[in-house]
Amino acid sequence: MRSMSLILGLLILIYTNFVAANGEHTNNWAVLVCTSRFWFNYRHMANVLSMYRTVKRLGIPDSQIILMLSDDVACNSRNLFPGSVFNNADRALDLYGENVEVDYKGYEVTVENFIRLLTDRWSEDQPKSKRLLTDENSNIFIYLTGHGGADFLKFQDAEEISSHDIADAFAQMYEKKRYNEIFFMIDTCQANTMYSKFYSPNVLAVGSSRLDESSYSHHSDVEIGVAVIDRFTYYTLEFMESIEKNSTLTLQDLFDYYSFEKVHSHVGVRTDLYGKDPSQVLVTDFFGSVQNVVPDERDRDLDLKAAFLNNSSENDEDYDHILNLAIRKSKLVRQDP
């Protein structure tokens, strides 16, 4: 019986190392950024809060969501519904409820802080709650909304981030083993230009509009007095409402859902860096929770030894030799190709 337990444990050990070696992700993160200020950009705040609600509903916890809101329209004196933000004229869903955790707000939402967040270049006193604590097994969904143009996105109408800036940040992330895969989504005018300079592996990107093309709002609320959501984000959310945690819908299903008739602009998708067919990638690979856990290598080795050699008798040395041999074999499996 003890031999069977040992064999079973060794198989589990080798399998967990094999999973890590083959790039299967063990955790999902979301970085959601609204770069606009002022009341007339209400829809951009609603865009990002809508995406925040979606990833939380599908299981990504707040501890793995970084939410950057450059303005607080919920508390704006023009808001006839104080403390609330809506994305539909029927106002059935308040996006700014009690469970919203904003990590960067107001003038904290800057190009510098966004780049530091991605690359993890912080001083020692930066709180963990405001850091992107990803690793080589992390899938990251990055969503940006605001005003932009050819190869740039405005931050608070005061500064700009370029497509080169984001491309170089992703390159640093890759070198520092900060992601397994990235799904980059942007809703802004000429959005597709923002992923044109990417060059790092395992990055999939989608944008709301091509070069020299605007992105459009979907509808306004007469009482609020401004547009409350953009068309691209509206139809993204319409699709996502059909997604549950066990959904088999793929990213290609999402891309196929967009059309010029709906969005009024040409949605673009870039797949050449990704290395996978989007029709084989579940939406929940980026938007949902992941339960896989790969424990620390040293802790796992010690735990296995303790479990299988506890209360042993005369053959401890033999079992210890077998276990150490298996651990060394499993580490060979885990080595990078």
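Numbering starts at 1 and runs along the chain as displayed.
Quick reminder: no glycine exception, Cβ is built from N, Cα and C everywhere.
As recorded in TrEMBL, the features of this protein are as follows:
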| type | residues | note |
| --- | --- | --- |
| SIGNAL | 1-21 | signal peptide |
| ACT_SITE | His147 | active site |
| ACT_SITE | Cys189 | active site, nucleophile |
Tell me the Cβ neighbour count for His147 (active site), meaning other Cβ atoms within 10 Å of its Cβ, over all protein chains shown. 18
CB neighbours within 10 A of the residue listed as 'active site, nucleophile', counting all protein chains shown, number 19
Whole-Å Cα distance, His147 (active site) to Cys189 (active site, nucleophile), is 6
